[in-house]
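**Student:** The structure's right below; bear with me while I get my questions together.
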Amino acid sequence: MLPMFEKIELLVIFDYPILLQKESWRTVLALAYQSLGVVYGDLSTSPLYVYKSTFAEDIQHSESDDEIFGVLSFVFWTLTLIPLLKYVFIVLRADDNGEGGTFALYSLLCRHARVSTLPNGQLADEDLYEYKNDRNLSADRIGMSLKSTLEKHRFLKKILLILALIGTCMVIGDGVLTPAISVFSAVSGLELSMAKHHHQYVEVPVACVILVFLFFLQHYGTHRIGFLFAPIVITWLLCISAIGLYNIFLWNPHVYQALSPYYMYKFLKKTQRGGWMSLGGILLCITGSEAMFADLGHFSQLSIQIAFTFVVYPSLILAYMGQAAYLSKHHVIQGDYHIGFYVSVPEKLRYPVLAIAILAAVVGSQAIITGTFSIIKQCSALGCFPRVKIVHTSSKIHGQIYIPEINWTLMLLCLAVTIGFRDTKHISNASGLAVITVMLVTTCFMSLVIVLCWHKNVLLAICFIFFFGSIEALYFSASLIKFLEGAWVPIVLSLIFLVVMYSWHYGTLKKYEFDVENKIPINWLLTLSPNLGITRVRGIGLIHTELVSGIPAIFSHFVTNLPAFHQVLVFLCVKSVPVPHVRPEERFLVGRIGPKEYRVYRCIARYGYRDIHMDDVEFEKDLVCSIAEFIRSEGPAQSFETVEGIDDNEKLTVIGTTSTHVDGVTMCEDVDTKDTEMIEISSPEVPRKRVRFLVPESPQMDLSVRAELQELMEAREAGMAFILGHCYVRAKRGSSLIKKLVVDIGYDFLRRNCRGPTYALSFPRASTLEVGMIYHV
C-alpha cells in the first residue's frame, strides 16, 4: 500500500510515472531557500576562479576580445546544458525514492536488474516497499535483453561496481580540492592591496588558517551554524549579480552578443590547441553541479529546480557577463592581476566583497565536506568502505553526520594541496578533472537507468549519452592533458581510495563465500544435547554472523572449545540492502532454527544505505520484542507476512520495530505498568532487573506460547551476551601474488584498523566474547 498523503499527484516524465507528495508552495519555497545554503555554495563561488584559471597560460586576452567573448559563450552554454538541462530537468528525476547521488543510481540499477555484489542478498528483500513500487512497469524486448546480459556476466557487474566506486572516489577527491581552491581564490583578493612579491607569503598562511578552522568546526555539526548558510549565499549571489549588472551597463552593454554559440566557433578557430586546453578552466563554472543531485534527499525536486532556475542561474550568468564586460575594456592593467575576479569589483567595495567571498567559500566547502561524509557512509553501509566512526550531529536531521577519521584526513590532504601548489592554476586543473569524471559516471549510469528503470527506448538512452557524453568527454580530454600540471592529484587520490575500497569489498566478499561454504547444517545443531556434554546457561546469547541462513562455522568452533551456550540463542545478522530506507514495519526478519524446545532463533535486521542504526538500548529492546512478537504470532493465526528462507527448514517472518506493534507485544523494564487490556507475563525471579512483556489479551494463546515467552523473559533478565567472530583472513596456498597482496596485506590491515559493528561496540566488554578463527580464502 502507498503511504497516506494528503494529496497525491501523478507526474509523467518521458511517460515515466512518478508518485509525488504534493507540497504547499510555502513548503517548496522554504526548501528552495534552505537549499541555497546547502547545495549551491560551491557552484556560486565559481566566478572567483573561472576566468583566472582559463587565462592562466594557454590563451591570452587580445585587443579583438575574441578570447574573452568566446570564453563567456562557452561558460553560458556549459551552464545551460549541464546544470540546467541535464541535472535540473533530467537527472533529478532519477531519484531513488527521494535520494540522489552516484550510489542512488547504482541502487536503482541493482533493484531493476540483479547486478548487486552484496553477498547476503535474499529474495525476501525484493518484497520491500521500494522494490514493489517498480514492478508494475513493463520493459521492452531490448531492455529485457540488456538486463539479462548484465545479470549473466559477472564481469559486467564488476564494471558497474568499479564505475560507482570511481565516481565515489572522485567525489572524495573533490572534498579535498574544493575547499582548497574556494578558500584560496577568495583570499587571493589580498593581492590587489600589496606588492606582488609579498602577497604570496600572506595568501597561503591565511588560506591554511581558514581551512584548519573550517575542518575544526565539523564536529559541532552543520545545524549549529547552518542557519547562516542561506543568508550568506544569497548575499553573495546578490553581490556578484549587482556587480555584474554595474559592469555591463558601465563598460560594455553589448556583451550579451557573446552568448551566441558563434563566438565559441570563433574562439576555437583562433586559439586552436590553446583554446582546447583552456577548456579545463572553463569547466570550473559547473563545479558543484553534482551537489544538486547528491543532496536531493534533504530537499525536493521542485525546490532545487526553483532555486537554481530563478536565483542561482541568472546570478551566475550576470556575474560572468559583468566580468567579461569589464575585461573587454581593460586589456592592459598594471600588475599581473588583469584577469582575476576582484579586479572587476569597484575599488571601494573590494574589502566588503572579500569578506563575503571568504564566508561564501567556507559555506561551499562545508557542503562538499558533509557530502563526502554522506557518500562514505553509503559506501560503508554497502560493504565498499571499512567501518568508520559515524557521529550524528543532529537529532532532527538524519543526514547531518560527522566522521572524525575522514575529516582529519581531508584536512591534511587539503593543506598539503594548498601548500604544495600555492596557486589556483594547478589546483583548478586538479579540481576540474575530479568534477568532470563524476559527471561522466553519472551520464553512463543515467543511460542505463533510462532503459532499465524508466523502460524507455534504447535510442533515447543513446541520444542522452551521445549528447551529454560528447560534451563532457571534450572537457575531460582538456583536463586530462594537464596531468603534469596538477590533474595528477585527483587521479592519485582516487587510485588510493579505489584500492582501499575494492580491497575491502573483495576481502568481505571472499570472507562471506568462505562462511557459506563452511556453514554448519542445522542437523548438527539438533544432535547437540546434555548427553554430549553440552550445557545451557542462563541468558540470551547473540551470535553475530553475516550469514542469512545456516549456522556459521564460528559457532561450531566456539561450542567445540567451550561446550555450553545460552538458554536462548539468537543468530543475529545486521545487513544493508540497496535501498535508501527500510520502513520500520519491514525492519526484522525472524525465524526459528530447529524445534521449539531448542529456543534457537534467527533474526535479520535490515537497513537502507541512508538509515540510522538504532542505539544499543533501542536495538536491544526491538530485537527482544521482535522475537516475542514472532513467538506470539506463530501458528495458525499468523498475522505477519511469512517468507521462505534460503534453507528449506527455515521460514522467516517479517516483524516491525516496537513502534509498529499497534496491538502487539511491548516490553517494560523496572516500570509498574497496569493496563486492563493487556496480560502481564512476568518472571517469578528477578536476579538483575525486572522485565515484563505486555501481550494483548487473547484467550486463544497456547500454553506453550506463554511458556516460551516467559522463558525468553527470564533469559532477558539474566542478561545478554554478545559473541563476535574475530576472523583472520589469509589467501590459500597457490593463490596469485595479487590476491595475496590484496587479502594478506590490504584487507588484513584494513580489518585490524577499522571499527567493529556499531551495535557490538555498545555492548559492555564484560558481556562480549570474541572467538578467533583463521579463514583461508
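Note: Cβ is positioned from N, Cα and C throughout, glycine not excepted.
Just so you know, TrEMBL annotations never went through curation; they're auto-generated.
Residues or ranges marked as domain 'K+ potassium transporter integral membrane' in TrEMBL: 31-526. Per TrEMBL, domain 'K+ potassium transporter C-terminal' is recorded for 539-776. TrEMBL lists 68-89, 159-181, 201-220, 227-249, 274-294, 306-326, 351-376, 397-421, 433-452, 459-481, 487-504 with the feature transmembrane segment.
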**Student:** Determine which residues of the chain contact the transmembrane segment (201-220) at the Cβ level, with the cut-off under 8 Å and only residues 6 or more beyond its ends counted.
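**Tutor:** Same-chain contacts beyond the ends: 179-180, 183-184, 187-188, 190-191, 194, 358, 362, 365-366, 369-370, 391, 393, 402, 404, 407-408, 410-411, 414-415, 418-419, 422.
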**Student:** Six or more residues out from either end of the transmembrane segment (68-89), which same-chain residues have a Cβ under 8 Å from its Cβ atoms?
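**Tutor:** Sequence-remote neighbours of the transmembrane segment (68-89) are 43, 50-51, 54-55, 61, 255, 257-264, 266-268, 270-271, 275, 278-279, 282-283, 285-286, 289-290, 292-293, 304-305, 308-309, 313, 316-317, 320-321, 324, 327-328, 439, 443, 468, 471-472, 475.
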**Student:** Which listed stretch (159-181, 306-326, 433-452, 487-504) has the most C-beta pairs under 8 A with the transmembrane segment (397-421)?
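**Tutor:** Stretch with maximum Cβ contacts: 159-181.
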**Student:** Between the stretches 227-249, 274-294, 351-376, 433-452, 459-481, which wins on the count of C-beta pairs under 8 angstroms to the transmembrane segment (306-326)?
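**Tutor:** Per the Cβ under 8 Å count, 227-249.
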**Student:** For the transmembrane segment (351-376), which recorded stretch in the set 227-249, 274-294, 433-452, 487-504 gives the largest number of Cβ pairs separated by under 8 Å?
**Tutor:** 227-249
**Student:** If I count Cβ-Cβ pairs under 8 A between the transmembrane segment (433-452) and each of 227-249, 274-294, 487-504, which range comes out on top?
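**Tutor:** Ranked by Cβ pairs under 8 Å, first place goes to 274-294.
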**Student:** Please give the average pLDDT for the domain 'K+ potassium transporter C-terminal' (539-776) in this predicted model.
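**Tutor:** Its mean pLDDT is 74.
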